[in-house]
Protein chains: 2
Amino acid sequence: MPQLGLLPGRAWTVLLGLLRPPPGALCIRAVRSHSQGTRDLSPQQMVVREKILDVVVSCFKRHGAKGLDTPAFELKEILTEKYGEDSGLIYDLKDQGGELLSLRYDLTVPFARYLAMNKVKKMKRYHVGKVWRRESPTIVQGRYREFYQCDFDIAGQFDPMIPDAECLKIMCEILSGLHLGDFLIKVSDRRILDGIFAVCGVPESKFHAICSSVDKLDKISWKDVRHEMVVKKGLAPEVADRIGDYVQCHGGISLVEQMFQDPRLSQNKQALEGLGDLKLLFEYLTLFGVAEKVSFDLSLARGLDYYTGVIYEAVLLQTPVHAEEEPLNMGSVAAGGRYDGLVGMFDPRGHKVPCVGLSIGVERIFSIVEQRIKTFGEKIRTTETQVFVATPQKNFLQERLKLIAELWDAGIKAELMYKNNPKLLPQLHYCENMGIPLVVIIGEQELKEGVIKLRSVASREEVAIKRENLVAEIQKRLSES
Amino acid sequence: MPQLGLLPGRAWTVLLGLLRPPPGALCIRAVRSHSQGTRDLSPQQMVVREKILDVVVSCFKRHGAKGLDTPAFELKEILTEKYGEDSGLIYDLKDQGGELLSLRYDLTVPFARYLAMNKVKKMKRYHVGKVWRRESPTIVQGRYREFYQCDFDIAGQFDPMIPDAECLKIMCEILSGLHLGDFLIKVSDRRILDGIFAVCGVPESKFHAICSSVDKLDKISWKDVRHEMVVKKGLAPEVADRIGDYVQCHGGISLVEQMFQDPRLSQNKQALEGLGDLKLLFEYLTLFGVAEKVSFDLSLARGLDYYTGVIYEAVLLQTPVHAEEEPLNMGSVAAGGRYDGLVGMFDPRGHKVPCVGLSIGVERIFSIVEQRIKTFGEKIRTTETQVFVATPQKNFLQERLKLIAELWDAGIKAELMYKNNPKLLPQLHYCENMGIPLVVIIGEQELKEGVIKLRSVASREEVAIKRENLVAEIQKRLSES
């Protein structure tokens, strides 16, 4: 089967355009493509995805999370005013009479809506599902208009930083479990960033604009960010320089201590609260054995409006493949933070439910793993078939059908060729191509003697087994392998 | 947590309306509801769903199917002219610039589009995913505007009726595996139905209208169907009576033989082809050991336009709960058929790929199983937590955090209370409520002696275990249970 699932929609349009009959031909059809920025997942990709999601979901369940599912679309009003500048990326449904609907943009807002609607005050949930964003798709980076998110969130009023530390522990477990190479989790706090802006003299009206400039520090240099602040956003140069002193700092718990001593920042109440929480966080991360994976990074800003406290973002530290290859800039592979105000926005009386959570960027992880598989030429089995039912002779369809039904009924994964009189060689080739380990062969000789031939595809060894012992023998072999 | 996930959207609107502050109050918010005809799946429902999907997907994999995923939306033109009268139920996306898109209506059309687009001539695939239809939701029957479909299809040119028989075998395996009580699969063939219409004297222009009348025979009596045919659709009464003689017949292989002898029907080439295939089908079903579950039913019509050969539909024969209860009319729980022309509609040159497949109506099955759980008061665990880390004393958070990280790192599913100084009783109550089997307890005494107390929640027995042996002991206990 052609492996073209990763081609962008536009390439398909061109490709299929070439194949179309000329205008006026009898059979004029529209371009048979999928929509731009989306893709089909081929069986190979599905296997990779299933393995990755299994690591992620196992970890969520290890931490006691319950599953939850919400509809693909929400009432439009649920999503408005939650995503700041990015609201233009929301897909709306056509007004066909009835309610105005939009496809969900993330899994966090539907979770908050669920909590408020059901008056749930406490919940640890995970959700794996698709979300949709009208972005210009830059597919090389693993960005699509439809993609999976894997979210874990803890809602409820608890003693400070215990759930927050668990979220970071979960990120470490998942990134280690996926063997993506070394990684680092940058952590900061919205209150510290706001405190820095305040003590540096940023006018409050410019907090948001300056925050979004800081957010670019992982892509462009401080010099360029400073230029943007001063020239584009009208900040006084000395204010920008003061910010620069801060946001270029990163380190561990010692940087937290240093900031506590900072003569200006230590005057800001919000910043002190954030620093106090970060100190506690590092204490817990040390107990969890993951503190060395976490860096306090004052350049971390995170775009979304709804964060209110600690924020974090995991980045891979090296390319996962050979050193001599072009490094892939995969951006962050996991992120999250605390959002204590979002649920209250959906509650008629504004009752708040504090929340903290994380989202695993599985699409980027898919891309990395797919790239690695391509590089190493790894072969992936797309089926789990254990036994193939074959015959070397004509007129054995009836026997094959009876036999395979017996295997299926015993829970054995089995296939046969949908032909009345297949030749033996293509049947054996199919097993080799598909990685099927066992073949049972039935022919005239076997039927007469009441036996079946059992063949190992790898060793090509064949043994005759009594028909009535076949299922037991296959189950024994499968349990040993 | 309140179990309100099944309330229809309208009930929510009313309920939340009552809770909203009066107009003019400071905090006026929109109704915080989900959209009509959709629902959230609560953790309890997610567990039920996961178990049902596991039975379904395991069966698909046992039959050698590969996984495939397609986007939630397709180009609008892909879906047009595929669903006959039901096309009005398709959800369109708003035109926000770019392509015209629609949410997928089933998984069959995207599969056919995938095959044509990738020039795949042969494929056995399964697909579990959501589809969307703008129906007036009648939630009591398990019908929603967003729902899951589980599809298995075999594409390719093969010897007749072998894949078709496998599809029916799969339906039997799944319905038996889900323990839904007795069931029956009705089978017929589009060509036989067309043949009957032809020999009874239905004008070809009325085939479609008369077919849709026949389709109602599982809901209304023949008398009412006949009335509709004659009065509403203008069929001659004697033609209707001739049809009635046929469509009230159902039986096994013997009815196929009887129809072969039928003086009128045996003159129709199409009908003879269909009958020949059904005869072969019953032969294979006998070899598969499922023939007694299948009935040749001439009243079966199936709405969708794209079927070209054998069609089938599985119905439950009795309510799954006690006999004295109101019987639930759940309609069909699985259906499918052969569609040899659909792929060709997407191929620029019209190349055909014959297909046959089935769809499991999991939403109805969810409803039945949920109903049964409610009736029997069955308790469902919504988490898989194996161990709870507790303390009877103050100031043991550090020890608890170190301990639980050790458990997580050993792959043990563990939870603790997010409190600095929790009381012991609520910790133990939580375990009983959540069905967590083991508790490890650490306090001053244990810390001094280098031991941990391990408590079985069911028996309330406690033993002291050396700290360094704890993980091994827990793993031993979990593997035994």
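Including glycine, each Cβ sits where the backbone N, Cα and C put it.
Among A:Arg133, A:Arg134, the residue that TrEMBL places alongside A:Asp106, A:Leu107, A:Thr108, A:Gln149, A:Asp153, A:Arg302, A:Tyr306, A:Tyr307 at the L-histidine binding site is A:Arg133. The number of other Cβ atoms within 10 Å of the Cβ belonging to A:Gln149 (L-histidine binding site), over all protein chains shown, comes to 18. Cβ neighbours of A:Thr108 (L-histidine binding site) (same chain, under 8 Å, six or more residues apart in sequence): A:Asp151, A:Asp153, A:Tyr306, A:Tyr339, A:Leu342, A:Gly357, A:Ser359. The Cβ of A:Tyr307 (L-histidine binding site) has A:Arg190, A:Gly337, A:Arg338, A:Tyr339 as same-chain neighbours under 8 Å, each 6 or more residues away in sequence. Within the model, the domain 'Aminoacyl-transfer RNA synthetases class-II family profile' (A:36-392) carries an average pLDDT of 91.
Look at A:Gln149 (L-histidine binding site): DSSP puts it in a strand. Cβ environment of A:Arg302 (L-histidine binding site): A:Arg190, A:Asp215, A:Ile311, A:Glu313, A:Ala335, A:Gly337 lie under 8 Å away, each six or more residues apart in the same chain. Residues A:Asp106, A:Leu107, A:Thr108, A:Arg133, A:Gln149, A:Asp153, A:Arg302, A:Tyr306, A:Tyr307 are recorded as binding L-histidine; their most distant pair of Cα atoms lies 21 Å apart.
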